[in-house]
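Noted in TrEMBL for the protein shown:
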{"type": "TRANSMEM", "residues": "A:29-50", "note": "transmembrane segment"}
{"type": "TRANSMEM", "residues": "A:62-80", "note": "transmembrane segment"}
{"type": "TRANSMEM", "residues": "A:87-104", "note": "transmembrane segment"}
{"type": "TRANSMEM", "residues": "A:110-131", "note": "transmembrane segment"}
{"type": "TRANSMEM", "residues": "A:138-157", "note": "transmembrane segment"}
{"type": "TRANSMEM", "residues": "A:177-200", "note": "transmembrane segment"}
{"type": "TRANSMEM", "residues": "A:221-243", "note": "transmembrane segment"}
{"type": "TRANSMEM", "residues": "A:288-308", "note": "transmembrane segment"}
{"type": "TRANSMEM", "residues": "A:314-333", "note": "transmembrane segment"}
Amino acid sequence: MTSNTAGFGEPAASEAEAPRRRRTSFGKLFRQFGTFVIFLILLGLASLQSDAFLTERNVMNILRQHAGTGIMAVGMLYVILTRGIDLSVGSIAALGAVTTAILVQDWPLWAALAMVIGIGGACGAVSGFLVAFLRLPAFVVTLAMMTAARGMALILSNGQPIMLGEPGASLSTFGTSFALGVPAPALLMFAVFVIALIVLNFSRFGRLVKAIGSNEEAVRLSGISVGWYVMSVYVISGALAAIAGVVVTSRSGVGSASVGEGAELDVIAAVVIGGASLMGGQGGVINTFLGVLILGIIGNIMNLAGVPGYHQQVYLGAIIVVAVVLQHASQILRRR
Amino acid sequence: MTPLVALRGIGKSFAGIHALSGVDFDVHAGEVHAMVGENGAGKSTLMRVMGGELRPDAGHVEINGETARLSGPTDAIRRGISIIHQEMALAPHLSVAENIFLGELPARIGWTQLNARARELIQRLGFDISPRATVSDLSVAHQQVVEIAKALSRKARVIVFDEPTAVLSMGDAKRLLNIIRGLRNEGVGIVYISHRLDEIYAIADRISVLKDGRNVDTVTPDAVPVDQLIRMMVGRPLSQLFGTKPETVIGEELLRVEHLTLPNFVRDVSFSLRRGEVVGLGGLVGSGRTEVARAIFGADPIAAGRITYKGEAFRPRSPKQAVRQGVALVPEDRKGQGVVLDMAIRKNATMANTAPVTRLGFFSGAKERGVVRGLIEDLRIKLGDMGDPVSSLSGGNQQKVVLAKWFHTGSDVVILDEPTRGVDVGAKTEIYSLIHRMAAEGKAVLVISSEHAELFGLCDRVLVMGEGRLRGELAPEDYTEEKLLTLSIKGGAEERVLA
């Protein structure tokens, strides 16, 4: 296929057409490691602030608590890379939580989980289809899905929390157990991140997802069915949100329609703190992971320091802005 | 006589690399001072210094003989320097009048008065565009008129035109040159940057040649013939520009288009392409050339007609289907459609055909680098590292990355839409030789171009479109600008195109 017949035509190479000089890579460096720097600073501050912070128990708690957010953040990252947004993750998590608790009563665990993930993926497929093929704005479509999925969760659960009970005992065990020294939900989150990392950086799918976010038309004109890729990221996001719902249920032992209320905002915040651009094409898995940890640490130190809940929200907002300003510091400074 | 604006000994470096060093440039009232040079020669940087966007590291700017420290673009505009950029800076959803007076709109807008003033400015340019029209509804040519009117409204004494005709049809380009002559006669100082040397000779009073960030010389057009000017720009004569097409065997018919009709204005277009052939598609901008190309490539729907490819009916409903069958398109808008600018050169090059460099959907790094290394050497792409983003390359090398993509895919029919737009002379030659090579390899090549010289220098025959129809075909013995123009504007088409 490749035409490599070299040495034809022999055009005189023009010296003037040397590649344009590379811009100082400081900006790129910061984009890549800025999140890491913020993470380290926070880690240092947190350890100084409270002796309780760097205890194994506390760290494990943070990981366990944010496993759900982390898993959803992976899906959100993929969606954001295509220049989209998925506001429905929190609601799909709730739907996942409720359906888990219901299905686990009558089905073997593996079948119940497969169905739950399928339901989440199906919700994502609906949003994805509307965004990718009918070209509706992702914000509106997933806002609608957010409302509808929450509604379905409420209908199915009758608005009542559903106990996992005896049939779901193994799931409850999963939520509270440890594996390889870390809480099992956190281990699951790590696994999701590792797979996402490999797929994003080494697979055709991952590369095209990023490319679509940078220049959809160029990708389309390279002979690639952009629509399927766009739809896929919403399916992934939906499926991962459902898994997050399972994780939350396994931890608490109940499936509740109020799971994940407002979670979409935390998830988006984590991805953005991780340096992903809402304009698509830019963002990475490791930085998203750090974004999740940063969010977790901030909440944790404030709890340890006894900051009242309402105040926490204000600080959190401010910290998000600071993080994003640091992410863009190079651009802001590079004006001249 | 004191020049309106003078740049004295300007130096500017980016990250330690000299983009400009010791450049002198000035423009007087009532003259057109043209600036030529290859891409990357420093023209844009110099103009950004003049427009207050960049502060020079060395040298200074003089306005009316006095040293001026421009604090920014607004300051430059206030002092009478307006730059009309290649990519126009209009607000597409606002009206013509709003755009013209943008930035100085009074708090309470008196529409009647504003519209009247806008109309007056536009009429001064010899046009009749409604001040109430929405800018996005205007043709590119008319948008440019609005840009110029905007500059006039700010009492610009110096107007810089950066590649103004790159997006204009031939007729519109001529009208623009007339506007510029008018402005000059009113005493405005004009800086005119263009790759089109015929225009430069038609309009310039003085020509400055920039090369590698230095001002090679400033000459008058009658003193320096065009091939000498090109030599000053690149150090190579004109005759070598197109190279020579190697003897190729023109083989069997690959693609036949019959009575192609599109949902838009393209009607009844028929032609065929054979192996080893380079066919030109000329005509005015907006005559339907790009539309035909996109339809054959499956990017836009077809209303009626028949396409036969390799002897079989062909009706691609997406670019994916076309690419699979071996049809390639190098789109007109390189940055918007040809490459993913932020993505690595390597990734762009393999994007359309990942099968040889992946296993089970995952890339094999070594294999991919090997393939891309081959392409880079083969196409002589000049780059730092194949992992750098495409945006780090010059226009010509970016275009070569697009070509590399299709070389790697091994397409049989290659459609190139304005393949050398915004590409400097040196890279043009290399792209021409790559086009020749595709033909020599037995591909069928269709080249859409608005440059006559390019069509004539490159193609075995030239199809001419006008108003969505195929108007005729020129054989090499008919290659004159006049014949091409006559075909493309036959039937009073020009009136409508310009209206």
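The backbone N, Cα and C atoms fix where each Cβ goes, and this holds for glycine too.
Annotations in TrEMBL come from automatic prediction, not curation.
Of the Cβ pairs linking the transmembrane segment (A:110-131) with the transmembrane segment (A:29-50) and spaced 6 or more residues apart, fewer than 3 are under 8 Å, so the two regions do not touch. Remark: the transmembrane segment (A:87-104) contacts the transmembrane segment (A:221-243), by the rule of 3 or more CB pairs under 8 A. The transmembrane segment (A:221-243) shares the most Cβ pairs under 8 Å with A:62-80, out of the stretches A:29-50, A:62-80, A:138-157, A:177-200. Among residues of the same chain six or more beyond the transmembrane segment (A:177-200), those with a C-beta under 8 A of the stretch's C-beta atoms are 60, 63-64, 66-68, 70-71, 74, 77-78, 81, 206, 209-210, 240, 243, 247, 250-251, 284-286, 288-289. Under 8 Å from some Cβ of the transmembrane segment (A:62-80) lie the Cβ atoms of residues 86, 89-90, 93, 124, 138, 182-183, 185-186, 188-189, 192-193, 196, 200, 209, 213, 233-234, 236-241, 243-245, 247-248, 251, 260, 263-264, 266-268, 270-271, 274, 276-278, 280, 283, 285, 288-289, 291-293, 295-297, 300, all in the same chain and six or more residues away from its ends.
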